[in-house]
Amino acid sequence: MSNDARTEHDPFVALQDSPEFADLRSRFRRFVFPMTGLFLAWYFLYVLLSVYASDFMSTKVFGNINVGLLLGLGQFVSTFVITILYVRWADREFDPRAAALATTIGDDHR
Amino acid sequence: MSAPTIAALVPAATNVGSPALNITIFGVFVLITLGIVIRASKNNRSAADFYAGGRAFTGRQNGIAIAGDYLSAASFLGIAGAIALNGYDGFLYSIGFLVAWLVALLLVAELLRNAGKYTMADVLSFRLRQRPVRMAAAISTLAVCFFYLLAQMAGAGGLVALLLGIDKKSGQSLVIAVVGVIMIAYVLIGGMKGTTWVQIIKAVLLIIGAAVMFVWVLSKFGLNLSHLLGEAVTESGGKKVLDPGLQYGKSGLTKLDFISLSLALVLGTAGLPHVLMRFYTVPSSKEARKSVEWAIWLIGIFYLFTLVLGYGAAALVGPKAIAAAPGKANSAAPLLAYELGGELLLGLISAVAFATILAVVAGLTITASASLAHDIYNSVIKEGTASAEEEVKVARITAVVIGILAIFGGILANGQNIAFLVALAFAIAASANLPTILYSLFWKRFNTRGALWSIYGGLITALTLIVFSPVVSGKAPVAPLKTSASMITDPTVDFHWFPLDNPGIVSIPLAFILGWLGTVTSKEYNAAKYAEMEVRSLTGHGAEKATSH
């Protein structure tokens, strides 16, 4: 059941069905989904360690700096690194392809 | 000056700093920003101008404004105070607040910018039935904004107690009202453009202020972090402030509560309506990406500063003096400023903290009023027939109403822990908004029933669990106080049955499940609209452009 009576000549449907668009979508998802899984797993590992392995996290590494503090700072580092990687990937790999596909529709259909 | 001297000063709160100086510095800030807001408002004609600042901000400007919007009083005062009193467990807050930005960067910001216009509901209702979904999205927007507003206004009350030496509730209420009135003026005159400039100025001041204190604290300990941490432990009377568990490690229940909080923090940011709305103030998805990149750097660096400020406050001011101060944990950062740079630095830092509250509250107010005017008034009541002028007029009126409600709410919430109230707003955002945002961007089959079940289910569950949690009633009194640590301070009132403070661990998964269940039990599916949304969100085709004047 559809609540929109557009025909199959819809330019958006046509583009969505094209192999070029499928390629763009899968490139995007192949980058962002694993990356999301990775940082969420690393974050929750850190949270669980802090909660259930506080002895391990309290282990002193040098001076008063313990494992917990280092892993916490590691969360900052990983966040910065993922940001840099994603922005570089999106600027170089994704934007040119997305822009090329956007022009194939031509005028603004709205 | 050493910790005991401050402790001696604290009971007479008026002695910490000079109220006249604090008010003067704050007054100068208000005058300068009002001037800028009035200048910025000259071109505030269309709806795109009022709601989205003409979409003419650059990625960098918007990134700084996002940092200004996000680094609320909870971040600055709340986290520094939490680290000063609870050590490592306070640090955990800031990590959740930061990592959460990756959800926004990778999954939400750009797609949302491409597919939407002014509000979160624009995207959620894109391929679903407009009126019911917009209504639901607007209601959850208002709920999140309300809790967030409460947190900020409560922070204003605590700050006033400390900085202006106003101990009486009536005096504090008056100052909360003044903050509310100034904020209404910003929003009415400046719209999104003015609000954005206030946030940019405030973010720059806040980050510079924190940086100065960061360097100052570290230099007191020979630039040796380990030495600073050691002093913090000594001043805390040997409490294990460097190890996890001081606040959340007490029992199995508090551990579970912390996991619930972590879930809400990391999934909440990308569902905060006032953050999402900021992505419409830039001309393209590429600039939206750049905004988040800037925001992540600024917010991350700021939280690294607060780590040192928190432990610095523990080492230099002492947890006892902080806990005894009128603003309790929230006063750790201002007390540290006083300890380092005397009256002048305290005045500057307090003015920045006030500015912080002002800027965040203005951002929340414009988001809530945009949602009321654009989603409820125009789309639901007028079925899309209202003109842009009518819509903006309604938005201005609702901004005033919301401002007045915020003033009363703030007076009632005065004294509550702000980092904690913000965490509840995050839990509601993660439950009511994020599942529907992700489903509608990534799940082909998603439909109206799924959205409604997920939004209302997540919202109602989160709110119900909060009402019946120990946050509202039934917490044991903490010595030496005889009043309950809950919102209802009468220890004989106890109607809580949900054991955790934060509802996230129940309400977030439930909202995801409800979204799925609603979708698979309904046959509705709009192929053409989904095609349009997916193509537009990924390629940027037909995305709203910047207005030019």
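Quick reminder: no glycine exception, Cβ is built from N, Cα and C everywhere.
What TrEMBL says about this protein:
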| type | residues | note |
| --- | --- | --- |
| TRANSMEM | B:20-41 | transmembrane segment |
| TRANSMEM | B:62-85 | transmembrane segment |
| TRANSMEM | B:91-112 | transmembrane segment |
| TRANSMEM | B:133-151 | transmembrane segment |
| TRANSMEM | B:171-189 | transmembrane segment |
| TRANSMEM | B:258-282 | transmembrane segment |
| TRANSMEM | B:294-317 | transmembrane segment |
| TRANSMEM | B:344-373 | transmembrane segment |
| TRANSMEM | B:394-412 | transmembrane segment |
| TRANSMEM | B:418-439 | transmembrane segment |
| TRANSMEM | B:451-472 | transmembrane segment |
| TRANSMEM | B:504-521 | transmembrane segment |
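In this chain, the transmembrane segment (B:62-85) lies apart from the transmembrane segment (B:504-521): fewer than three C-beta pairs between them fall below 8 angstroms, excluding pairs fewer than 6 positions apart. Counting Cβ pairs closer than 8 Å and at least 6 residues apart in sequence, the transmembrane segment (B:20-41) and the transmembrane segment (B:451-472) reach fewer than three and form no contact.
Within the same chain, residues 30, 33-34, 37-38, 41, 153, 156-157, 160-161, 164, 195, 198, 354, 357-358, 361-362, 365-366, 369, 396, 399-400, 403-404, 406-407, 410-411, 414 sit at least 6 positions outside the transmembrane segment (B:171-189) and bring their C-beta atoms closer than 8 Å to a C-beta of that stretch. The listed stretches are B:133-151, B:344-373, B:394-412, B:418-439, B:504-521; of these, B:418-439 has the most Cβ pairs under 8 Å to the transmembrane segment (B:91-112). Here the transmembrane segment (B:133-151) sits against the transmembrane segment (B:451-472); at least 3 CB pairs are under 8 Å, leaving out pairs fewer than 6 apart in sequence. Highest Cβ pair count under 8 Å relative to the transmembrane segment (B:258-282), across stretches B:394-412, B:418-439, B:451-472: B:418-439. Remote same-chain residues near the transmembrane segment (B:394-412) are listed as 50-51, 145-146, 149-150, 152-154, 156-157, 172-173, 176-177, 179-181, 183-184, 187-188, 361, 364-366, 368-370, 372-374, 377-378, 386 (criterion: CB distance under 8 Å, separation of at least six residues from the stretch ends).
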